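Going by TrEMBL, these are the annotated features:
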DOMAIN    85-262  domain 'Mucolipin extracytosolic'
DOMAIN    358-500  domain 'Polycystin cation channel PKD1/PKD2'
REGION    1-22  region 'Disordered'
TRANSMEM  61-80  transmembrane segment
TRANSMEM  274-300  transmembrane segment
TRANSMEM  331-350  transmembrane segment
TRANSMEM  362-384  transmembrane segment
TRANSMEM  404-426  transmembrane segment
TRANSMEM  472-493  transmembrane segment
Amino acid sequence: MEESGDLYDVHETNDPSSWEDQHPQCLQDVAKVECLRRKIKYYFMNPCEKYHARGRKPWKLILQIIKIAIITIQLVLFGLSNQMVVTFKDENLMTFKHLFLKDYVDGGIDPYAVYRQADVYDHIEYVIQQYQLLHNITVGNHEYEKKDSVYTPLLVCKDFYRNGTIYPSNETFEIDAHVDTECLRVYPQPVHEALPHFKLDFIRLISVKITFVLKAINLQTVRHRELPDCYDFTLIITFNNQAHSGQIKVDLENEVDINECREWKVTGAYGRSIYLTVLFDCLIIIMCIISFALCMRSVITGIQLQLEYSHYCRKHFGKELLWSDKLEFVSGWYILIIVSDTLTIIGSVLKIEIQTKVLTSYDVCSIFLGTGTMFVWMGVIRYMGYFKKYNILILTLRAAFPNVIRFICCAGIIYLSYCFCGWIVLGPYHEKFRTLNTVSECLFSLINGDDMFSTFKNMKQKNSLVWMFSRVYLYTFVSLFIYMILSLFITLITDTYDTIKQQQQSGTPTSELQKFLSECKDLPNSGVYRLDKNNSCFLNCFINRCRKYRTRERLTSEA
């Protein structure tokens with residue numbers, strides 16, 4: 001009889017009194033170890049192997065495939081709905097610019113601005129006139145806002161320094177930095193010719209802001225079997241004179257608030273469709289809950305096996321289990337599916353509330369549904385990894401991840417140093433270096449070889465010293481990151497890939513856990529795992545040993 005050498009050393013004997021009868025406690029311990037091996041080996045089997053081992057149908061795999069299909073359909077439907085919302089916002093913003101900005105031209109290269117005092121008054125008057133003539137000029141369903149049956153007014157507010165005398169010719173000035181604000185209310189009424197009691201002192205003027213609210217209903221959703229939303233558009237038209245450079249920039253901002261319509265009635269074939277959509281979302285929630293429960297059960301099973309194996313190592317080897325082996329029992333794929341199910345459930349609940357117009361949080365819902373769908377599709381890689389030719393990608397990513405993180409931390413420090421230097425030195429002379437955000441985007445584009453020539457060319461040559469510095473700065477950055485750091489990063493991934501490939505070809509165990517499992521020679525279709533399912537491990541192992549003993553005794557007597 002032959003046993004595993006890591007625990008006991010048992011040799012063949014011709015003595016009719018068997019070793020098992022003399023050492024019943026050792027027999028029990030060996031049986032427990034073999035049972036533990038089989039349980040752990042079964043836990044790491046793929047769905048096909050588990051089916052051959054115990055005849056268990058791959059319900060989890062089937063559920064994940066169905067879930068991927070219906071979640072993708074849900075995301076596409078919500079994406080089309082969200083696209084209508086975004087289109088409605090963008091088209092209204094463009095409409096407001098053409099309605100309320102005088103002589104506005106789409107896609108103008110120069111900034112929309114005014115340069116003369118008379119033009120400022122004309123543009124302000126134009127906004128007010130267009131606001132009062134809204135019903136006669138707009139082709140949409142825009143309407144003024146009402147509160148308590150009273151229209152809310154348009155506000156014209158000017159910000160200016162409290163006191164100030166400026167004499168550029170004498171290079172003298174006196175200014176009170178305190179900012180005062182004066183506002184004028186204009187209600188929808190017949191057009192007047194001029195702004196009463198509204199004069200602008202351009203020397204002290206900081207800005208003029210025109211604020212008003214318009215309401216509209218997005219009716220296009222009716223044709224797509226959705227309830228229309230009611231929109232509140234808060235328009236802010238700003239005449240910016242903070243620089244006092246002789247150019248007053250004019251900008252229109254549109255703050256959108258989506259609300260549930262108070263009263264609505266839709267006739268036709270719409271009513272049945274909304275209930276079918278809600279029912280489809282409820283089906284997704286139910287499937288995600290089932291998937292969540294199955295994956296949680298697998299995670300708990302893995303933790304229990306990890307505790308049993310840790311106890312085995314402490315008892316027989318007197319050492320703690322390595323963290324790398326502990327993490328083998330906690331499948332990251334199950335964690336990924338659990339997170340995706342949680343996000344999808346939350347997103348589906350929000351989607352149902354949006355469909356029934358209880359909520360209108362399109363952005364929040366899109367984040368949950370989009371992230372959940374992304375994780376669901378990433379989870380498909382787990383099943384691709386059951387094939388050796390595809391598994392090498394997963395193994396390489398997992399093995400290289402710690403080294404990649406350490407490498408990125410070191411490279412990130414150098415990257416940040418270039419960001420800060422470029423922002424403070426080149427910012428005044430190059431548009432791509434005006435803010436830290438644009439600097440980071442520009443340098444990351446340079447690493448990928450994008451827009452490299454224009455970055456060099458657009459550097460202003462007003463200061464020869466800064467121009468020379470920019471050349472040294474850009475050449476050293478490109479040489480360091482493209483030719484050295486990026487090459488080292490690729491080499492790091494390549495070395496890990498070669499190592500994993502060699503390990504797969506050799507087939508030798510690379511960890512204590514793999515060595516422990518390699519001693520279990522029971523194949524999935526051997527039938528032993530079915531006995532483990534129906535009987536206790538010790539009883540099963542005891543029966544097998546009794547059969548071996550009887551066979552050996554019979555052969556000895558015949559000899």
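FYI, residue positions are counted from 1 along the chain as it appears here.
Backbone N, Cα and C define each Cβ position, glycine as well.
Just so you know, TrEMBL annotations are computer predictions that nobody has curated.
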Secondary structure content of the domain 'Polycystin cation channel PKD1/PKD2' (358-500), with strand meaning DSSP E or B: 123 helix, 0 strand, 20 coil
Best-contacting stretch, by C-beta pairs under 8 Å, relative to the transmembrane segment (274-300) and drawn from 61-80, 362-384, 404-426, 472-493: 61-80
Non-local residues, at least 6 beyond the ends, that sit with Cβ under 8 Å of the transmembrane segment (61-80): 47, 224, 277, 280-281, 283-284, 287-288, 290-291, 294, 337, 344, 348, 351, 365-366, 369-370, 372-373, 376-377, 379-380, 383
Positions whose Cβ lies under 8 angstroms from the transmembrane segment (362-384), at least six residues beyond its ends: 47, 61, 64, 67-68, 71-72, 74-75, 78-79, 82, 85, 258, 333, 336-337, 339-344, 346-348, 350-351, 354, 390-391, 393-394
Residues from the same chain, set at least six apart from the ends of the transmembrane segment (472-493), whose C-beta lies under 8 A from its own: 396, 400, 403-404, 407, 411, 414-415, 418, 421-422, 425-426, 443, 446-447, 449, 452, 455-456
Arithmetic mean of per-residue pLDDT over the domain 'Polycystin cation channel PKD1/PKD2' (358-500): 85
